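> Input: one structure, supplied below.
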Amino acid sequence: MTEKHQGMPEPGKSHPGVTRSLLLFQVAALELRSVDLQSPRNNKEHHTQEMGLKRLILRRGQLFHLQLSFNRPFQSQSDNVTFVAETGPEPSELLGTRGTFLLTKVHHGDVWSASDFTTDSSSLQVSLFTPTNAVIGPYSLTLEISQGQGHSVTYPLGTFILLFNPWNAEDDVYLPSEILLQEYIMRDYGFVYKGHERFITSWPWNYGQFEEDIIDICFEILNKSLYYLKNPSKDYSQRNNVVYVCRVVSAMINSNDDSGVLQGNWGEDYSRGISPLEWNGSVAILRQWSARGGQPVKYGQCWVFASVMCTVMRCLGVPTRVVSNFRSAHNVDRNLTIDTYYDRNAEMLPTQKRDKIWNFHVWNECWMVRKDLPPGYNGWQVLDPTPQQTSSGLFCCGPASVKAIREGEIHLPYDTPFVYAEVNADEVIWLFGDGQAQEILAHNTNSIGKEISTKVVGSDQRQNITSSYKYPEGSMEERSVFMKASRKTLGPKRASSTFLDLLRSGGIGDQPVRLQLHLTRTPEWGQDLLLMLHIRRVPGRTHPQGSIGLVVRFCAQALLHGGGTREPLWRHMVQLNLDSGKETQWPLLLPYSSYRNKLTDEKLIRVSGIAEVEETGRCMLVLKDISLEPPHLTIEVSERAEVGKALRVHITLTNTLTVALSSCTMVLEGSGLIDGQIANDLGTLMAGHSVHIKMELYPIKTGPRQLQVLISCNEAKEIKGYKDILITAAGAS
């Protein structure tokens, strides 16, 4: 725009009011020429550089920096600019999904702001701040430049993703330890603990939360939840609340109500998908779910659900770990007891009740402040994405405060009674005959909630965290908490029952004989199993005097993950006499031919024995669970590991079994080492033979990494190994 000016002052002179008019006419309208989001710098400062440096990924409650270039120098006194940050389908300041903020010299308060700016030539360097309670998610950022008289021009500055910030003391997920943050946010691999309380195995898992597309898939998960589909704006507005986000993710990892990530399968037919035992990590699962438009991935069980949730929550910025509970109760009727039944032939019987005791169950703990609870219940909270039962109408569970579980404060939300029972329920074992429960064989107050485990911080070792869930078994505090929880669960008027009457009558543990079953050598799949029965007479006034006759009936059954069993695969009977004060041993042989092709993929056997005293008819129970080890593989790598340089890998598997391993396949995975997965067919491996696989990998990222190797075959689904590898920058000495 040009304009002819009259009455210009002579050189060296000025007229009043003319100078200001000249400046106004000479300064062109401010126009944005370019913007630098400074993603590499910002992402490093916000601990998101592992997600990449190309796009801006921020944590809330923390400054980030922009550089704006204009058509002329920026005049802070006269140029009026407004920043606008928006997220969600209908951004609104009222709902917290829109922030509008002016440029100020100094940052004040926990609000959206643009401050601490400096000008240089035609550029403006400015620091922006997001509130510590801001909604997480993808944002658009725009700049409105006022042109005067109510007119303005809007320029898009770009987009950014906002996450929870556990480094910020004002954030609800603040974790005041850099060592813990490195483990529970930044570590992209870990271990799940599986098996049996006496045979715990570590199962390496690739979380992969920093793989480039995972963050987008995490928000895709939130956008497919029933809460979002019902009311998108309201759902977005609640994404500043970590308790809300955790509950949504817990529901969305399973697919029982929605287009969730995983479909559970606790049967034994996985022909329409992939066996839960054959997953190495979360990345392949999340990518498949996204690529197929939200179709649930087949199949998952508890450790898969929990591991995928760990990936999502760490990606979103919530400190998270995976926790395994051995002998985990599923107490549907909420009476804090789980009943199991055996007949006189020592066969464990199926039950119509939905109550069960899982060999192990896996869930998550997320770290957060619980503003919705009384003081004292912050910290680790249980979240369980495995679909066991509904909570507020959806299959989700938690967050339940671990502290509340320990103290029996089961009235506190969410789902605390259910989790309390998982680690604290009593087990009652019944002798069943003639269509009814005849007598109690055992009342175990300490057989549920064993060896609660998670990975040690900064180590590959297992940590026993049982004491954070309950007081020592049998202690006064533990029984006191149990009674408090029982009163809250069952009410003050506990109805009379056959069970309670029998408990009150006592005498359950008053038996004339002590029985124990031991393995005499390490059990290996493909070998005969050797056991020893130890029998000892117990003196007592109420017991028969002199010699007694015992008939001991044994039964072996394949033990299922859900705590049930298959049909008997072996039976045996022993008759003997035992004098008072004496003890004896009796060897037992369970041949390989009896259990071959009879076990599940988890290779667990329950050997049970019912001993009947001929003189009194009283019965006693003895149990032994056996876990059969699969063959082991070894992984060797070359000494130096650099980004972009060939890393030699040598994998060896020796078939130590007496039978061939058929249809063997191998899958390699490891974030920072491999883009996706590497799969190979290995064919058949004969008994006693070895297979050697040599290959070269080209690492992608620096830092500590983990290579995971899974070999599956028809005979053994979970031959797994791992190797920790430290990757250095190319050329680093």
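Any Cβ shown, glycine's included, is placed from N, Cα and C.
According to TrEMBL, the feature active site maps to Cys302, His361, Asp384. Feature annotation from TrEMBL assigns Ca(2+) binding site to Asn424, Asp426, Glu473, Glu478. The domain 'Transglutaminase-like' annotation in TrEMBL covers 294-387.
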> If you compare CA-to-CA distances from Glu473 (Ca(2+) binding site) to each of the active-site residues Cys302, His361, Asp384, which comes out shortest?
His361
> Going by Cα-Cα distance, which of the recorded positions (Cys302, Asp384, Asn424, Asp426, Glu478) sits nearest to His361 (active site)?
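Checked the recorded positions Cys302, Asp384, Asn424, Asp426, Glu478; minimum Cα distance to His361 (active site) goes to Cys302.
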> Can you give me the Cα-Cα distance between Asp426 (Ca(2+) binding site) and Cys302 (active site) in Å, rounded to a whole number?
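Approximately 22 Å lies between the Cα of Asp426 (Ca(2+) binding site) and that of Cys302 (active site).
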> Counting Cβ neighbours within 10 Å across all chains shown, tell me which of the recorded positions Asp384, Asp426, Glu473, Glu478 comes out on top.
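It comes out as Asp384.
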> Using C-alpha positions only, work out which of the recorded positions Asp384, Asn424, Glu478 is nearest to Cys302 (active site).
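Comparing Cα positions, the closest of these recorded positions turns out to be Asp384.
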> Whole-number answer please: how many Å between the C-alpha atoms of Asn424 (Ca(2+) binding site) and Asp384 (active site)?
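Asn424 (Ca(2+) binding site) to Asp384 (active site), Cα-Cα distance: 17 Å.
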> Inside 10 Å of the Cβ of Cys302 (active site), count up the other Cβ atoms and send me the figure.
26
> Which are the residues of the chain, Asn424, Asp426, Glu473, Glu478 excluded, whose CB is within 8 A of where the CB atoms of the Ca(2+) site average out, their centroid?
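My list of surrounding residues reads Thr445, Asn446, Ile448, Gly449, Lys470, Gly474, Arg479, Phe482.
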> Would you count the other C-beta atoms found within 10 angstroms of the C-beta of His361 (active site) for me?
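Around the Cβ of His361 (active site), 26 other Cβ atoms lie within 10 Å.
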> Do you know offhand how many angstrom separate Asp384 (active site) and Glu478 (Ca(2+) binding site) by C-alpha?
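It is 24 Å, counting Cα to Cα.
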